[in-house]
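Here is what TrEMBL says about this protein:
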- B:63, B:110, B:228, B:232: divalent metal cation binding site (BINDING)
């Protein structure tokens, strides 16, 4: 039986009620095309697209959008060679790109979250799994030691730390992606009695300044910001594993990226 | 003649048409209170508030909001000791806090932008001053050398670099605060022929990934992300200088902050 792109998308969405105005679209791509191979990745960068093509797949499942915007509200900048080059490479190659974002985060538990926890070897430490956060209890460890542990487990070159690096941490909240903002992270510290939040990304003068104020007022806390891609790649790696199990015999790959920033 | 807080606010707003739904509010504070001294700062953190009080001023002019949110849409988390402690310290001390943000950025040129350019000693390099960006031409310098220059001039411990660190840069765009996102920064590269953008803060998979794709496709470019506070503090330092000139004899101070993050 032929496996089509539509079959794969329907399977990815099968256990989640329909989401209105979802950003999860197939673009470009023909839903009736036969799938000859799949690659998963955090973001369909130009280099990831070339790697997918070199691997011979014709469906790339990307967590984030190819064109640098969560929701494209404007046409591409007129004649911009970066957009145009990427669009032409996709068109000439026939690679289909499907965004697996909303239907992924809406699963319970969110596989992007469980992917990060697996990579951190913290699955057994979860006390509570909330829709947008995990609450963990680990053996007491200083925030700076947790930072070193996270760097080693995720093979990332640096993390950013706010608050008290010497804070002895046992209650930890984990938030993937762009959930490090104050609306998500600040209430968790108090409601869940957290010593430390580990987040992908968030505005700089929200949670970090809350944590700094908290430490200054005598309630020492800490925050690790590990990077948006760094927090979500493990979940996309896991997706490749699940797709391999679902479609035996079909080539399925995970394509990692180098960190987008270097610190100088 | 008595100088009131209202007088100071009216002067700060005097050359800008009224802005609807502005975040620039006096909270807490009595507009009819006499000003005994002013401090300016990037953000009214708990430590900045204590320093302002130690300096004996009764008006703190802060670029960003005290409570970790650009626009507070919810009540404070119930009983959160960080919010409550800050609120009580302000109440008991009588320190007034005025946010100078929208009326500041709306000035032409934006003094937050000119403050950063002054601190970088790049005022003479400006070719074009746009409402939300400056376009500069500097003698050709590699992106990594620019990074070192910016760190030294601003006395900051690190910057984050995306794209090609060896890119020879002469056309530079500068965007302060949270203007490093794709909507603001991406069109500038092409429309202004930029080699490099220097921004305060922005989402990680917008402009940085655009720059990475551009470099991969053969059009080498770079991005320096220097930090939100780091990009806006110099403008608030300049404001203290201007207030000193406007109100001779009145104590006026600028209160800096340490970087909120350390890199590990």
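Just so you know, the numbers here start at 1 and follow the chain as drawn.
Keep in mind that glycine also has a Cβ here, set from the backbone N, Cα and C atoms.
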Original post:
Three-state secondary structure of residue B:63 (divalent metal cation binding site) from DSSP?
Top reply: strand
Original post:
Cβ-Cβ under 8 Å from residue B:110 (divalent metal cation binding site), same chain, 6 or more residues apart: which ones?
Top reply: B:104, B:131, B:132, B:176, B:235
Original post:
Hey, what's the Cβ neighbour count for residue B:63 (divalent metal cation binding site) at 10 Å?
Top reply: 25
**OP:** Give the helix, strand or coil assignment DSSP yields for residue B:228 (divalent metal cation binding site).
**Re:** helix
**OP:** With a CB cutoff of 8 A to chain A, go through the binding-site residues B:63, B:110, B:228, B:232 and name the hits, or write none.
**Re:** B:228
Original post:
So which other residues, same chain and not among B:63, B:110, B:228, B:232, have a Cβ within 8 Å of the centroid of the Cβ atoms at the divalent metal cation site?
Top reply: B:42, B:64, B:101, B:104, B:105, B:112, B:176, B:177, B:200, B:229, B:231, B:233, B:235, B:236
Subject >> Listed in sequence order, residues with CB under 8 A of residue B:232 (divalent metal cation binding site) and six or more positions away >> reply: B:42, B:63, B:64, B:112, B:115, B:116, B:176, B:177, B:200
**OP:** Inside 10 Å of the Cβ of residue B:228 (divalent metal cation binding site), count up the other Cβ atoms and send me the figure.
**Re:** 26
